[in-house]
Each structure stands twice: as C-alpha cells, then as structure tokens.
Amino acid sequence: MQVYELMTSYPCRVSSKSWKSGKLKIQAPAGPVLNSCKTDKTVGGEKPKEVQWDEDGGRGQAWGDQRGSQDEKQRKQNWRLVGWREEEGGQGREQGEQSLSWGAGEDGQLGLRDLKDKHVVTVVDALSAVTIEGVVAGSRNSMAFSDEGQLYTWGWNQRGTLGHPPDKKTESCPSQVKALNGVRIVQAATGGWHCLAVDEEGRAYAWGGNEYGQCAEEADGKTMKRDITIPQRCAPHLRVRQVAAGGTHSVVLTQDGHVWSWGQPWPPGDIKQIATPVRVQGLEKVKVIAVGAFHNLALLESGELWAWGNNEYGQLGTGDTQPRAQPVQVKGLDGLELVDIAAGGWHSMALTAKGEVYGWGRGEHGRLGFGDDKSSKMVPAQVNLLEDEFIIQISCGGTHSVALTKDGRMFSFGRGDHGRLGDGRQVTTGHPLEVPIDISRSGKPIRRSRDDSDDDDDDEEEEEEEESGTSSESADGCWRIKAVACGGQHTMAIAVWDGTPEEE
C-alpha cells in the first residue's frame, strides 16, 4: 500500500511525523499550525479525495482549522505532491530524520559537543532522538523546536541568548529551554544576541541582550536595559503569527496581518531605540516577514513586497542606497508571484511560485549567486544560475546563502571560510554548488573532507562505514532536506530519509 507524501509550495511544510497513525500534520514556518482534518487519510492506494490534483504538476489544495488564530478559522494552502512510499504494518511508517549543521563552531553553535569548525554536513546527534520541526541559525548560536513544541538552544550564551543564566560562555550541546516547558513553541528567531519565540496560542517571548530594548519592556511598562536570561512574555497585547529578529531590533507579524517592531531598528546612533512595540504604518494583510541585520521585508497577500530600514548596499531594492524609515515597495518584481522572502546581513532574496530566485543588496563574496559578478544590486535580479532548479526555500546568512530544491537538495554560495557552504573546500564562490550529504542512513558520516579537523578515531570509524558500502544515495533511498537555515558563519538543516529509490 502506498502513502502519499505532501509538501507545500508555500507557506507550510509537512512534518515528517505526519505518517504516524496515517495522519497529516502541517507546520507553517510563519507559526500557525493547520489541523488539516480533511486530508488526514493519506494512507491507501489513492490520493486524498478532498484535494483536487493537477496530474501534470502534482498540485492540490488542503484546508483546515488554523490553531493559534481566533479570527481565521479556516485557511487554504496550495500543495505539491512530491512522492510516495510503501506503507508498512498497516499504517504509515515514520521516516528517519536528522538535524544537520556545518560551518563555524567556535562558540558551540553547531551543537556537536566541541568548538571545532565542520566543513561538511554533519549530524547533530544530540537531537537524533527528537523529531525536529524547525531549526534557526543565529550569529553565534542556534535553536531548534520539536514536533511537541519543545525549544532547544546551544552556542554562545554570554548574554543569556540560550534562555538560561550564562553559567558558561558557550554550550556546544543542545539543551531544552526549561522556562518554556509549559508552552508549545511553533516558531522562533534569533538576532545579534537576542532571541524570540511564539507559541501555538500566538504569545511571543523574548530573551538575551536588551541594551537597545530589543526584548521589549517590563510588564509594568518600564523600559529595561538589563540582559534577559530567562524567556519572558513580550508584546502581550498582540496575537503573533511570526517573529523575526534583527541585529538589535525585533519585528512580529500578528494574526490580523499587521507588523509591529521595537528595539534599535538601524545601526546604533542612527535612530533612538524604542522598547515599546510600535505598529509599522502602511502595511496591511501581510503574509510573511523577513529581517536582516538592520533592514526589513514584508510580503503582502497581494504579492507586493515592501521594505524599510538600512539601505547601504541596496538591500531594500529601491534602486538607490537611501535608508527608509517607512516601508516602500521593492522595485523590479512586477508580474511575479512571490511566495517567500529572506533577508541576510546586508542582502535580500525572494522566491516565486515557479521556483525562481531573485536577489539584491550586497554582493560581496558572491552571496547573491550571480557567479563571478560580486557587485551589489540596487534592484532585484533573477539568479539565473539556479534557473534549472525548482527552488522551494531560500535562506540568507551573514555572507552566504542556501537554496533548497523541491526534491530536497541544497545549493550554497557566498563566503566559504569556516566551511559554511558545506562542500568541504572553504572556497568563496558566487556560483551555486550542490551541497553533498555524505551521511549513511544511520546518521554516520560516509566520507570527510581532508581539510576537516576531526580526531583520528572518528576518521577510522568513517572509513569503516565507507568500506561497508553504505551511501547517502543508494538502492535503499537517500536523504532529502526539508528545511535549511543560514546563520552568521554556519548553516543548519533538517534531513528526512526517503526510502523510495530514484527511477533511472
């Protein structure tokens, strides 16, 4: 019997744990979760009858109650059929899943129990026993939240960025944020040295550095400048759908489609910080937001993209380098159906429904993916080097970017030192290159780049695994990436084992 696996074109993705009891669970990156009761019965030899499919493109539509929202009880999403697998034991078999990391490890941000850089994709084995729904890569720390809403943090903690008092400057092994045990986290974000999270009820939390008011204010309305080492409620009067964090400011998207911000939105000294959340005027019916170091993007339900903040390298896409205190529409995207956006340190990217990628802003190190052209772009331009791939997600880091294809492969480009591109070479490039996933089904490395720094014992173990004939792509299946996140100098991803062999 076959089980159909679904993946959204935007803005939700299917959890790998969907197949337990044959039910489909849908996790939206923007926060809310769809209880898609009308597509529960995904096991069986037929496609779900409640979903209308385009046989050529494998597209359909699913709908259901949206948890965390009082105003929007039903919400429709577009879906794409990406494959199927055999049912085992009378019900769907839960696929293997691994959290992955690579790049700079000096602050423990890779979660690998050491402070070493990793130049190739490596399994975060401390999370192997947990079903991870989402990963977040920050400037010097990382986060992950599970299918049960538990939040895990690791990396730099000098300012309380890990959600507990900084007993040690760095922590290289993921640990659960105990202060959030009583809530179910569905989305999170990390900025320069502060973090945000939102639970299934739309309540937002903040912790970490707060000298610019980026964690908002005290419950009594007083501004605080101390570090917040334990997560606390922020913006309690707002029902939040998505949180996003910049270098020293915070931005949230509410359930009613409005955007609010607080903290220091531009580089310190440019504008006075505000600890009280202020609504960003001029934005209605916002679908998703993205925040860079000091600039902001908002994609409207109408498909229009708006931007505001610092514009030193043209990251606002306005055709100039003048900063904007209020949102302005991004140029050069007319006629495109945008489905996702991403913001890095000083660059921006957008994704269309056709899987096309557009980039603009700072081009140094090749982070925009325009090959040998590493100049900054004042308006969006298509990344033609990815035109042969159907991209479903794009993530922007400090100086690099990663694109995820519909069949679960990754392409990285930009600055390559510390191994953040994951190809084992530490070479900076503007040419998108596929990231190899040299990991066996059990999660052990198959081969390791010569310039990667590991102990001899690990190398011996890897050689034994390689001699056994195990491969990341074999007759048994392969690893497919379902989500990726770029940080300052490292990258995180979630991989799911696909037991369906590729057809010749």
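A Cβ is built for glycine as well, from the same backbone N, Cα and C atoms used for every other residue.
Given the structure is predicted, the values throughout are model-derived calculations rather than measurements.
What TrEMBL lists as region 'Disordered' is 36-105 (among others).
Per TrEMBL, compositional bias 'Basic and acidic residues' is recorded for 38-58 (among others).
Look at TrEMBL and you will find 83-96 (among others) tagged as compositional bias 'Basic and acidic residues'.
Taken as a whole, the repeat 'RCC1' (97-148) shows an average pLDDT of 97 in this prediction. Taken from TrEMBL, the feature repeat 'RCC1' applies to 97-148 (among others).
Under the heading domain 'RCC1-like', TrEMBL lists 100-436.
Residues annotated as repeat 'RCC1' in TrEMBL: 149-201 (among others).
The annotation repeat 'RCC1' is assigned in TrEMBL to 202-256 (among others).
Here TrEMBL flags 257-302 (among others) as repeat 'RCC1'.
Taken from TrEMBL, the feature repeat 'RCC1' covers 303-354 (among others).
As annotated by TrEMBL, repeat 'RCC1' applies to 355-407 (among others).
Feature annotation from TrEMBL assigns repeat 'RCC1' to 408-497 (among others).
According to TrEMBL, the feature region 'Disordered' maps to 415-478 (among others).
According to TrEMBL, the compositional bias 'Acidic residues' annotation covers 452-468.
Counted with DSSP, the repeat 'RCC1' (257-302) comes out as 0 helix, 23 strand, 23 coil.
The DSSP breakdown of the repeat 'RCC1' (149-201), given as helix, strand and coil counts, is 3 helix, 25 strand, 25 coil. In terms of DSSP helix, strand and coil, the repeat 'RCC1' (202-256) has 0 helix, 24 strand, 31 coil.
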